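Participant: Pasting the relevant annotations from Swiss-Prot:
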type	residues	note
ACT_SITE	K76	active site, charge relay system
ACT_SITE	S151	active site, charge relay system
ACT_SITE	S175	active site, acyl-ester intermediate
Amino acid sequence: MTQYTLKQAGSLLQSKQISAVELASAYLAAIAEKNPALNGYITIDQDKTLAEARAADERIAQGNASALTGVPVAYKDIFCQTGWRSACASKMLDNFVSPYTATVVQNLLDEGMVTLGRTNMDEFAMGSTNENSFYGAAKNPWNPEHVPGGSSGGSAAVVAARLAPAALGSDTGGSIRQPASHCGITGIKPTYGTVSRFGMVAYASSFDQAGPMAQTAEDCAILLNAMAGFDPKDSTSFEREKEDYTRDLDKPLKGVKIGLPKEYFSEGNSTDVQTALQNTIDLLKAQGAEPVEVSLPQTKLSIPAYYVLASAEAGTNLSRYDGVRYGHRAAQFGDLEEMYGKTRAEGFGSEVKRRIMIGTYVLSHGYYDAYYLKAQKLRRLVADDFQTAFARCDLILAPTAPSAAPKIGADTSPVETYLSDIYTIAVNLAGLPALTLPAGFSGGGLPVGVQLVGNYFAEAKILGAAHQIQLNSDWHGKRPE
């Protein structure tokens, strides 16, 4: 019962072939069996889950259900939810039970979706491996010696392991797309401002965007329909007409121009990634799409620009965690200043501290112009590159990561880890939508994904192209043994 896609589960619930309680119970049993080894979930509450499932069954019986009523979903631990611990995988918030619910979570609760639990992540969404979690690293379900990616590693892992039909993630520099690639699932980062950020713990406010993670592009489209929409509580939310993100799913690819950035098809990619890209190009050409070469020359500048800007925003956003109002507080201190220092030293992990220090430095007097202001100018150049490319193509095909998932505990420096985000970060700098879908496997049996990037608000076009690829391939249908 836990092998269904989100769409299949919804159809079976609506036709009353299964009940929401039966489906939730099946997932809870699978979670109890497999999660201790996987560590994909960090908070589970069976009583709350089954109460939501019973309410969904009542709604279905009364005939006022939506297509998602009764379908289970997992939430990355970055989304606040009333009555649930919302820790952001940090010691700083280990005892924080949210008094309110994020808008995007409320949207899904309003549809009648059933909460399975809270998924593991890199602390405050800072990381690419899920090893920065206070609760220990989540494992890759294809090989537990490897990382699931990050920062939405737990969400990717539970969907791949069939411990949830879908999950919510957030993407600041690739945190939906990179773990989706490493775990062999589909995930989309929408255009910045499409999904409300209210109630999503802030890392870098001008980059953060929530998105769906599921087995298929079709599932992501269905879920995004419920997630997206204007929210007056979020000042960065776009006020636009409600879209149907499933509208292009059946649209053929004949004549669609697919941009291939020459800077992304480089020697830096593993053979497995090159093969996955070629597999996808061949599938697109077979369906009538037209590959065209494009150039994104500022790609090499995206890493330094991103880590300056995101760290600056993180340093500001995380200043609120001081031990005064909520969260961790040092047990012993002499005065207020010592309490601040000890609380933050104890409450934050090493990667979070590193980024706060970088952010404080680049915003300090004498360095603002040299680093922060220059990075903002680079951000504009990166965005302009994409607009030049989209003048020649409809969508861009690119790698998601240079290789398959690395091993847990791999001896890599922070800079080496940052460089693994080379293909995802530029999209966040520009605020564009992008989707990762499975496209093959490494020689070691690990999934490899590729990404489709679209222009602003082209989510339906991206999802349609991905769906057409998945209709003609079965990488998304593979699951770990």
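Even glycines carry a Cβ here, placed using N, Cα and C.
Bear in mind that the values here come from a model prediction, so they are computed numbers and not experimental data.
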Participant: Quick check for the class: what is the C-alpha distance, in angstrom and rounded, between K76 (active site, charge relay system) and S151 (active site, charge relay system)?
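Facilitator: Checking the Cα atoms of K76 (active site, charge relay system) and S151 (active site, charge relay system) gives a distance of 9 Å.
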Participant: Please report the distance from the Cα of the residue listed as 'active site, acyl-ester intermediate' to the Cα of S151 (active site, charge relay system), rounded to the nearest angstrom.
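Facilitator: Cα of the residue listed as 'active site, acyl-ester intermediate' to Cα of S151 (active site, charge relay system) measures 5 Å after rounding.
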Participant: Give the number of CB atoms, excluding that of S151 (active site, charge relay system) itself, located within 10 Å of its CB.
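Facilitator: 35, counting other Cβ atoms within 10 Å of S151 (active site, charge relay system).
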